[in-house]
Amino acid sequence: MAASGSERVAVELCKGINGLDKVVLGEPRGASAEVYLYGGHVTSWKNDHGEELLFVSSKAIFKPPKAIRGGIPICFPQFGSHGSLEQHGFARNRFWSIDTDPPPFPTNSKSFIDLILKPSEEDMQKWPHSYEFRLRVALGPGGDLMLTSRIRNTNADGKPFTFTFAYHTYFSVSDISEVRVEGLETLDYLDNLQNKERFTEQGDALTFESEVDKIYLSTPTKIAILDHEKKRTFVLRKDGLPDAVVWNPWDKKAKTMADFGDDEYKHMLCVEAAAVEKPITLKPGEEWKGRLELSTVPSSYCSGQLDPQKVLQSS
């Protein structure tokens, strides 16, 4: 699938860390992304200057059955501890396959990969449902990263199933104390640090000075993450995912995580497009679709403020 002229190869299957298979997506202007088949896990997204936009811990363990710490883990069929399964479900530590016969799918991207996950017999014992989980990871012409998940109930016994879901995206930031998140003001959230109790966010942009683990409810389709030092704003657009999880472990929690550096909390922030509060139920034959699109724009501050609402109002 080599591109013509000086353009880069669009899609390449190769070996990653510890010999794990990965797919590298490239875009002619230089943007790239990497997806490990283990977990269907995006571990890198670089802009056309080659700057890494996702955070992966220097201590991440690229070795099954441990999930990879960073990038975009997929939480399915359970987010967090919202159920009886292992933390965040099992999709993030299964080997996915390349989907050789994906259903038709409109795209303006030449650089994409289709992956598929089906349950193993072992999975069926933990979660006795048959499904097809199709994931497309695409790199847009401008270097945007797009993830589309389609989950279909293929139960032969006529039974519906219910799941929760998240794209657990770890963004790379220069300094967490200089980061603001816009789009979640005044919304209700469940605080995981206070037994999932419900609170209402105040009216200002979110800033960070301690551990945070919140599930914001009924969130807008667009959220902006402003990195003051880099003068860069991440724009997260989502579809089919009403909730947004915001997480940073801060210093004490960081020290308890073996696969996370003690000071790495300063350089990451998770803002996760999710469906948690109202689990999704599919009858046999029904399909759910959840989409995430990540892009970056330069951000200009005047007296410490973002140019009023420009990012959130532009389409």
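Every residue gets a Cβ built from N, Cα and C, even glycine.
Predicted automatically and left uncurated, TrEMBL annotations should be read as such.
Cβ neighbour count for His168 (active site): 23 (other Cβ atoms within 10 Å of its Cβ, all protein chains included). Annotation source TrEMBL lists active site at His168 (among others).
Residues annotated as active site in TrEMBL: Glu272 (among others). Non-local contacts of Glu272 (active site) by the CB criterion (under 8 A, 6+ apart in sequence, same chain) comprise Cys75, Ala166, Tyr167, His168, Thr169, Ala244, Val245, Val246, Trp247.
What TrEMBL records for Arg69, Gln87, Arg92 is substrate binding site. A simple way to gauge crowding: the CB of Gln87 (substrate binding site) has 14 other CB atoms within 10 angstroms, across all the protein chains here.
Long-range Cβ neighbours of Arg69 (substrate binding site) (same chain, at least 6 residues apart, Cβ-Cβ under 8 Å): Val56, Ser57, Lys59, Ala60, Ile61, Met257, Asp259, Phe260.
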